[in-house]
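Per Swiss-Prot, the features are:
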- 29, 118: Fe-coproporphyrin III binding site (BINDING)
- 169, 250: Fe(2+) binding site (BINDING)
């Protein structure tokens, strides 16, 4: 039986041009092209950081895993929102005769909002899949962050005051209302690293970053809002974006530009440890994750039954929740429906699937 590992990531623009960024942004927005001013802002951000190394770094990570596991598994790589797209790579795997596939998403934490969006594409009549939900507790990954933060504390902070800010990509509040484990995993991840460092509870905190402006509330505090709200600041802030493993725009711009600039304004020294990227400790964590899961059950994936539809609204969106006073419908959805009209609101289908997942709404 031919087995494979499919390593997946979010993706990035295939070329740093206005239209290249527009294509990527349109994919993220479910095929709806954003307004030109939105594209221009994102394009300007990419120009500010000199492009994005994400695809290069990810391919190097894939090759390093292949060096370790390539004799046992075919190693494949796909993106969620840029080429090579997940469905195209699955077709290639089918052509290659793959029958079982371990899906290793290059995001250490599990969230309905993010990881289930990958699961949507895992459709094959030939291949059975095993999706690894999370792997943030791998000791070598914890050791990476601990070691790199400790270097900053020892070599750059010394005896001066500091605070470690663990930041993670924000998710919409409704994801948490229906049992999403993401926020608990982020807090647990931060605690594990802080314990290894011997930090006191007042020496670190959690914030959120990189939320999208899509008209719905996201979990708080946003990292920039947190900084502005503090009445007193330490001499050093150490920003640790633990929900990511590779350098990309949400680290290189959201942290290294926006957080850095605000620290300059506040008179505080900005620090960020290097990202795991291709470090051997990350590769150890990825390999150990595969080993810890490879004997679990593989199954045929039926995306419409396994996940909510993150990328496209149902054809019957307007019929899903007919009454805007349905008590199970979040307030912001009611407001969206009142403002835009039911036919133009894509969110209720997402909410419905999450309610089903949480057992609060019977499946059809």
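Any Cβ shown, glycine's included, is placed from N, Cα and C.
Every protein chain considered, the tally of other Cβ atoms within 10 Å of the Cβ of residue 250 (Fe(2+) binding site) stands at 19. Annotation for residue 118 (Fe-coproporphyrin III binding site): spatial neighbours 8, 80, 86, 103, 105, 131, criterion Cβ-Cβ under 8 Å with sequence separation of six or more. Ranking the binding-site residues 29, 169 by C-beta neighbours within 10 Å puts 169 at the top. Secondary structure from DSSP puts residue 169 (Fe(2+) binding site) in a beta strand. Geometry remark: residue 29 (Fe-coproporphyrin III binding site) versus residue 250 (Fe(2+) binding site), CA distance 17 Å.
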